[in-house]
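Comments concern the structure below.
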Amino acid sequence: MALQMKALHLSYVVHVLGVAGAVMVLVWNISFRGGLAWSSDNKNLIFNVHPVLMLIGLVIMGGEAIISYKALPFKKAEKKLIHLILHAIALVLGIIGIYMAFKNHNESGIANLYSLHSWLGIGLISLYGIQWIYGFLVFFYPGGTADLRRESLPWHVLFGMFLYILVVANSALGFLEKLTFLENSGLDKYGSEAFLVNFTAIVAILYGTFVLLTALSRGPEEDNHSYSAI
């Protein structure tokens, strides 16, 4: 299935929303939440790394990886490498982001894995890693047979898109969870920080939406490896 729109044009919207989302989550955690830290007596600074890396990693870098096949005017081999590297960066940032949440909880005496957001997060990062490893082995190195690649591609794409939708949904759930905690601790429900968090989540959802639209749109005419395989 392919939409009759040029992926390149839609990708501009993706890039703009990605930059906006990254700036917004950084402003929230640096200006409103006090900053970022790998280690600190203020354990909240450790946790602040989590939403930053999860949004910039799995959502934004993951989205850029998905649209790379449709939005970049390069040869298939070059786009495959870019796709692989961007997903690897997203995966690494996601793993570090989840580690920082555990680090904050452990050092603060807070229980782990008690919420739907955390359950989904562990499941999604595991599936993301499996998807990346399978893609590397089958499509990159050592590479599967032509039949295996042809039969695997539609499922690899479909599962990747499904996984990305869940990643974006879980990021919105994470923003909601954190904001609810803050509001229950006294944060003004109609204050500037609350609005910033909600709008950051909206930008993340819009970003994910345009990633999917771009992936389902027309790529370069010379492209012979695209998401139209669905």
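Quick reminder: no glycine exception, Cβ is built from N, Cα and C everywhere.
What TrEMBL lists as domain 'Cytochrome b561' is 13-216.
The transmembrane segment annotation in TrEMBL covers 12-32 (among others).
Positions annotated as transmembrane segment by TrEMBL: 52-72 (among others).
The transmembrane segment feature in TrEMBL is assigned to 84-102 (among others).
Beyond its flanks by at least six residues, the transmembrane segment (122-141) meets 58, 62, 80-81, 84, 87-88, 90-91, 94-95, 98, 113, 148-149, 152-153, 156, 159-160, 163, 166-167, 170 of its own chain at Cβ-Cβ distances under 8 Å. What TrEMBL lists as transmembrane segment is 122-141 (among others).
Long-range neighbours of the transmembrane segment (153-175) within the same chain, counting only residues 6 or more positions beyond its ends whose Cβ lies under 8 Å from a Cβ of the stretch, are 51, 54-55, 58-59, 62-63, 66, 116-117, 120-121, 124, 127-128, 131, 134-135, 138-139, 197-198, 200-201, 204-205, 207-208, 211-212, 215, 227, 229-230. Taken from TrEMBL, the feature transmembrane segment covers 153-175 (among others).
The transmembrane segment annotation in TrEMBL covers 195-216 (among others). Here the transmembrane segment (195-216) has Cβ contacts under 8 Å with residues 1-3, 5, 7, 10-11, 13-14, 17-18, 20-21, 24-25, 27-28, 32, 55, 59-60, 63, 66-67, 69-71, 161, 164-165, 167-168, 171-172, 175-176, 178-179, 182, 227, 230 of the same chain, all six or more residues outside its ends.
Looking only at the domain 'Cytochrome b561' (13-216), the predicted model's pLDDT averages out at 97. Remote same-chain partners of the transmembrane segment (84-102), defined as residues 6 or more beyond its termini with a Cβ less than 8 Å from a stretch Cβ, comprise 38, 46-47, 49-54, 56-58, 61-62, 64-65, 68, 112, 118, 121-122, 125, 128-129, 132, 135-136, 140. Within the same chain, residues 48-49, 51-52, 55-56, 59-60, 63-64, 67, 71, 192-193, 196-197, 199-200, 203-204, 206-207, 210-211, 214 sit at least 6 positions outside the transmembrane segment (12-32) and bring their C-beta atoms closer than 8 Å to a C-beta of that stretch.
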